[in-house]
Structures are given as structure tokens and as C-alpha cells.
Amino acid sequence: MARERYIKLLLMACASLSFLAILLIFIFILRESMPALTKVGFGNLFTSTDWNPDKGSFGILAFLNGTILTTLGGLIIGAPLGVGTAIFLDQVAPKKMATVIRRGIELLAGIPSVVIGWFGLIILVPFIARITNSSGYGIAAASVVLAVMVLPTITALSVETLRSLPIELKEASLAMGATRWQSIRTVLLPAAREGILVAVILGMGRAIGETMAVQMVIGNSRQFTLSLFKPTATLTSRLVTDMGEAPPGVFRSSLFAMALVLLIFAMLLIFSVRMITRKRKA
Amino acid sequence: MLRQETRDAGIAVLLGEGVRKAEERAARYDKAATWAVWSFAGVAIGILAFIIGTIFFRGITTALTPSFVFGKPQAIQAGGGIWPMIVSSFYLAFLTIAIVLPVGVGAAIYMSEFAKEGWITRLVRFGADSLSTVPSVVFGIFGMVIFVIYFGLGYSLLAGALTLTLLNIPTVMRTTEEAMAAVPHSYREASMGLGASRWETVKKIVLPSAMPGITTGTVLTVGRIVGESAAIIYTVGLFVRKIPTSPLQPAAPMAANIWHMYTEGALVSDWMRVANGEAAFLLIVVLVLNLLARLLAKVYQKKLGTKEAR
């Protein structure tokens, strides 16, 4: 019996590791970003677009802008595509075909992000360069790459939601004489709204955090830009580009401040997902 | 009177006309929507096929030969291979699995067999949810600060494996919990009814029955580790050219090396070729692991005669 107790404690320790880990990550990232937050100042860090570590300017607004624009771009392309594919898989496709396509999309989720980045670099960037007469690097290229990466998340979770709806909903609607599209639009999609919203939010999480694929196609310049076809950077891409060369000090610390922003984004997403699912349960 | 009737009949005809028109329009929309979702799915699959096709084609036509796969990398001249990178990728994957599997399975056992719903389980779930949302690059620099610098492991396979353990705990936990949830309750009741303790029941009944799900999950996790790059470039390294022999040595797994080829590529004149070949080989490894996971699931399913969950 004593042995049973030890085993239970050991298992509990394993379980508590996940919470300890996130706590530790938060504490360490916060600690490492303190020098930047105090010396550069909160305001300077987040409102300045001037990133020039050699000259002592550490404004990350340009990269915050890059993260927000590429994420939005990725979702604008990826979310309709994902939800549309999910509707196809759950409502329209013949059963065999649905299975094959679902497997394919699961495979897409498994393709490493460097491989997708490499694909973007050798195919997408030259293509955009040719049609827009620019360098090809920039928010447009990154958005397309991110759309590819959020697609599997959004599709899989949307299919799950649609599938969890009671079959009676659709049958009742069809029995009233509604067409398939009318049933989907007026009955199924409203019923699945929260689930699809969660799917998009989790897709957004993937887009915000994606690093290598974006880094390879966005051009990594320091400039703030709203143009789709000018090289810029995101928080993640700047972080990974500069970390190798940043000496300990304010420079490195400001990179950790970027990580802190990413961490806070991730937490906000978690909380919004929890709010949505809690409301649904109640 | 007669006039009234005629008017009613006229209205009926008009109404009928309206309904017919509305129905026609609904049918048109239905057709258009059906067509639209078919093309959406077509685009999704097209993207997949295009990416896989391009990477394979480039890799096979420019690089993938036995001498490339099994060859030594070159520092300056062209013609280098990627064997040490392949070894490093698998070394890292097995080291990570050796750590994350016991921990993740242990956590899952606690959550599904021992814990009562309460603040502890809520904290654990919150932790796992958070870990699975935190970007991998954040894990990377956290691993760099704590394992590489603070614990003094330096750039090493071990530092990378510890970092990837944190990254993969949620997945291992989730797949294990799912597998254990699929084990019928009557099994546990029967075992405990015979006088077995909870741990004995877990060890002799629940874990063996959940093994297929755990194995499949593990294979998929290996795929994720092999493909991970952002979390390892600042913990494992990215340009080492030796085959690692100890967990305390730095290494250059394929995923990290592809990125290195592209950022510092000019060092080797044929960096495009190396990256092409490495990307294709990495993709092959990941696809094979995915197929293997599916195959395992199918074999187990046949053996146990149970239906696949989805």
C-alpha cells in the first residue's frame, strides 16, 4: 500500500510538470526581458519602429505590425478555405473521398515548417516577384505560407465540430424542404459557430507563433511597412534571426521582450478559447 | 363576386410564381455552394500535392543519391552529403522520446486513473493547453537560457531533447489519455473486483490495452521532433559536421541544417542543392512516419477487432 502511494506521488509529479513548465517559461522569459523593459522603457519598445541595436534603438513596433498583418493575411486566406473544406468533408463529399482528403490534410499538418518555408522560398517568392515586379519577399508571401499552415488546424477542428452536431438538426431542416446549402447556412453553421470560432482562434495561434517558414519568405528587413510586397519582419522571424548574434545585454533582452509578447498572445488565445467553450457548456 | 374569385385566382398564380422563383433561386445557390466547397477542397488538396511534388521533384533531380544521403558534409567545396544530419535528427528524436514518453504517459495515467477533478487537474490541464499554444521559438530560447546556459549543458542533444520534451508533453499526454479512455470500464472493474490495486490494474490491464494508441502517438511525435527547427537551433546547434556520439555533444539535425544552409548558405557553393536534397529527405522521413503510424493503428485494430475511433 505504501508503494501504491509513492507511485501515485510520482505520477502526480509527472502531471504537475506541465504546469510547472509553463510557470518556469513565463518567469524566465519575464526575467530575461526585464533589462529591456526597464532600460528601453515600455513606451519606447512598443511605439517605436526604429530597430537598430548597434545604435541603441530597440523599437519593435515594425515587427508587431508584421506579426499582426501576416496573421490576418493568413487567416483571411486560410479560414474560408479551411471551413469550406470542412463543410465539403462533412456534408458534401462521398465517404471514401472524404477519408482520403482528410488524411491528406492531416499529412499537410505534418509537413515540417522549414520544408514549407523552403517551398515558399524556391517557388512562391520568385512567383510573387515576377507578377508584382518586387523582390517577392514580404507580407503577401508570408500570408500565403501561413494560410497553408493554418489550413489543417482549422479544417480538422471545424470538421470535428460539424460532426458533433446532432443529425436531427439537418434532417429537420431538409424535411422542411430546405436545400442542402440552406440547411448548412441557416442551421448547421449557426449551430457550429462557437466551434468554428475556436478553430480559427487556434489557427491564429499557429500563425502568430510560426517562425521558420515566415522567416524564409518575409525578407527580414527592419522597416515598418503596410505594403504587401515589401520585405519586413515579424516578432518570431526577428527573434530567430537576431538571437544568434545578440550579446548578453539590452539587445538580447529586447529579443526576450518579443518572446514575452508572443507568450502573452498565446495566453490571451487560451483564455478566449476557454471563455467560448465555457459559455457553450453552460 | 365573380370578379373577386378571378382576383383570388390571379393572386394564387402570382404567389405560385413567386414560390417557384424562390425555389429556383435556392436550387441555383445550392448548386453554386456545392461547386464552391468542391473547389475549396480541391484547392486544399492541390496545395498539398503541389508542395510535396515540388519538394520531391527538386530533391530527386538535383540531389538525392546514395552518396548524398550517406556522404560527409563539406565546409567549403561542393559535393557534400548529409549523413551526420540524418543521424542527428534520429538521435535527437530517440533521446527526446526516452524522456518525454515516461513523463507524458505517467501524467496521463495520473489524470485518467488517479486524479479526482479538482484544482490540481485544472492546473495541469491549463498547463498542457498553454504549452501546446506557446510558439516553438519561445521554447527554443527558454531552453537556451535554462538548459544550455543555466544548467551548463551547452549546445547539445540533451539540451535540445529536454526542450523538446516540454514542447511535446501535451501531445503525448493527450494521445495517451485518449487511448486509455477507450479502454472499457468493465475491464478495470473486473480487475479491481478480483482484488487488484489501482496501480496493478493500470499496469496489467489498462496500459496493455492502451498500447496501440500510445504506440501510434509516439510514432507521430517522432515525426514532429524530426521536423522541428525553431526550438532546436539555439539548443542543439545547426552547423556541426560530425556524427554525434554522446548526448552532451552539439549536432545539426536536418531541419535546423536546412535553415542554416539558407541563412549562411554562401559558405558552400552548392547550398541550394544540399537544402533541396535535405528538404526532400526530411519530407520522406515525415511521410513514412505518418504512414507507419496509420499502418500500426490498422494492424492493432485488426488484432483487437475494435473499430477505429474516427
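Each residue, glycine too, has its Cβ placed from N, Cα and C.
Caution: TrEMBL annotation is automatic and unverified by curators.
Note that the structure is a prediction, hence the values are computed from the model and not measured.
So that you can see what the record holds, here are the features copied from TrEMBL:
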type: TRANSMEM; residues: A:9-30; note: transmembrane segment
type: TRANSMEM; residues: A:60-87; note: transmembrane segment
type: DOMAIN; residues: A:64-273; note: domain 'ABC transmembrane type-1'
type: TRANSMEM; residues: A:107-129; note: transmembrane segment
type: TRANSMEM; residues: A:135-159; note: transmembrane segment
type: TRANSMEM; residues: A:195-218; note: transmembrane segment
type: TRANSMEM; residues: A:255-276; note: transmembrane segment
Intrachain residues whose Cβ lies under 8 Å of the transmembrane segment (A:9-30), provided they are six or more past its termini: 256, 259-260, 263
Within-chain partners of the transmembrane segment (A:60-87) [C-beta distance under 8 Å, separation at least 6 from its ends]: 45-49, 51, 101, 105, 139-140, 142-155, 158-159, 162, 184, 196, 199-200, 203-204, 207-208, 214, 218, 222-226, 228, 232-238, 254, 257-258, 261
Surrounding residues of the transmembrane segment (A:135-159) on its own chain - C-beta under 8 Å, 6+ positions past either end: 66, 69-79, 81-83, 85-87, 89-90, 102, 105-106, 108-109, 113, 116-117, 120, 124-129, 192, 195-196, 198-200, 202-204, 206-207, 210, 213-214, 217-219, 225, 227-232, 234
